[in-house]
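**Student:** Below are the features listed in Swiss-Prot for this protein:
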type	residues	note
BINDING	HIS11, HIS157, ASP284	Zn(2+) binding site
Amino acid sequence: MTPPLLALEEHYYSTAIFNSIGETFQRTLQGVPGLADQLRSLGDGRLEAMNRGNISLQVVSHAFTPGGPSAEACRAGNDELAAEIAQISDPQRFAAFAVLPVADPTASAAELDRSVSELGFVGALIDNHADGKHFDGHDYDVLWAKACELDVPIYLHPTWPSARMAENFMGSYPVPVGISLGGPGWGWHPDVGLHVLKLFAAGVFDRFPRLKIIVGHMGEMLPYMLERASDMSTRWGGWGPRDRPLRQVWDENIWITTSGSWSLAPLKCILHNTKVERIMYSVDYPFESNERGLEWFKELEGSGLLTEEQLEMVAYRNAEDLLKVHMKKEQ
């Protein structure tokens, strides 16, 4: 019997954040029938979609926020999300990640503190860069320190490339192809993987050995290249010296989700170099459907790759342990 599922890369837009992302990105969302409405809604329609996907608890987060929302917009967006969850007919089916003004690390730390301490959020899901800038500098230590103090994870989530980054994906094909290559078709996934490696190389995990980072989409390319990156990190002077090698940081500081990756092939790779305790189910709703996620999980059940106990770990137990939540096992 398929275990209940806990999904934690599941998206939403508050009015404050939707208004901040710019007309271009609003039009992009509205170009997919029903997508904008699904992102703006936390009502019964979302609960029904969760039921169809056997999801007992959904951790809601704002989707990508290109352009970088202000601290005021993030505060309003988090307040709106908390209020909407409280008004749902079954609020125990939901938890939340905070949206943060990532261009301002000090303001991000303050909003993370407020969202966790006052609103009961279980961490933050943030854009992978702020106008092309990753968060490996010492100016972001204030954010990592706050996450460690609160003992909550930070989910590094792909976002659209900056204008400068986007130029690298244009070529001898129509502009929409370049846009796709720079985004979900390829580019924003390895950019998250690169960010994690930069955090390691910059000593962030040395300064904050209890930092908890989540990456989605089967590890954002990292599992496939982990052995080579680990080897390169120690050669020709290395990326350090570091207190712990990359493989140890991978085992102790990184969690990955299955979001939007409906094939067993990448999971087979992951199981060769990643502890099952660090793998968590997710969908990427509403960009992906809960039903498709359930189909994939049933395929995983029948594959024999995991024991019954391990299936439950991926389905919900690992996320419960990381987020310190306890979902209802029966809907």
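Counting starts with 1 at the first residue shown.
Placed from the backbone N, Cα and C atoms, the Cβ positions cover glycine too.
Context for these features, please: burial, neighbours, distances.
**Tutor:** Under DSSP, HIS11 (Zn(2+) binding site) is assigned to a strand (E or B) in the three-state scheme.
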**Student:** Taking DSSP three-state, what's ASP284 (Zn(2+) binding site) in: helix, strand or coil?
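**Tutor:** Assignment for ASP284 (Zn(2+) binding site) reads coil.
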**Student:** Given the binding-site residues HIS11, HIS157, which one has the fewest other C-beta atoms within 10 angstroms of its C-beta?
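**Tutor:** HIS11, out of the binding-site residues HIS11, HIS157, has the fewest neighbouring Cβ atoms within 10 Å.
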**Student:** Compile a sequence-ordered list of residues in the same chain as ASP284 (Zn(2+) binding site), six or more apart from it, whose Cβ lies below 8 A from its Cβ; state 'none' when nothing qualifies.
**Tutor:** GLU9, GLU10, HIS11, GLY216, HIS217, SER259, GLY260
**Student:** Can you list, in sequence order, the residues of the same chain other than HIS11, HIS157, ASP284 whose CB lies within 8 Å of the CB centroid of the Zn(2+) site?
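**Tutor:** Apart from HIS11, HIS157, ASP284, the close residues are GLU9, GLU10, SER61, ALA63, PHE64, LEU125, GLY216, SER259, GLY260, TYR285, PHE287.
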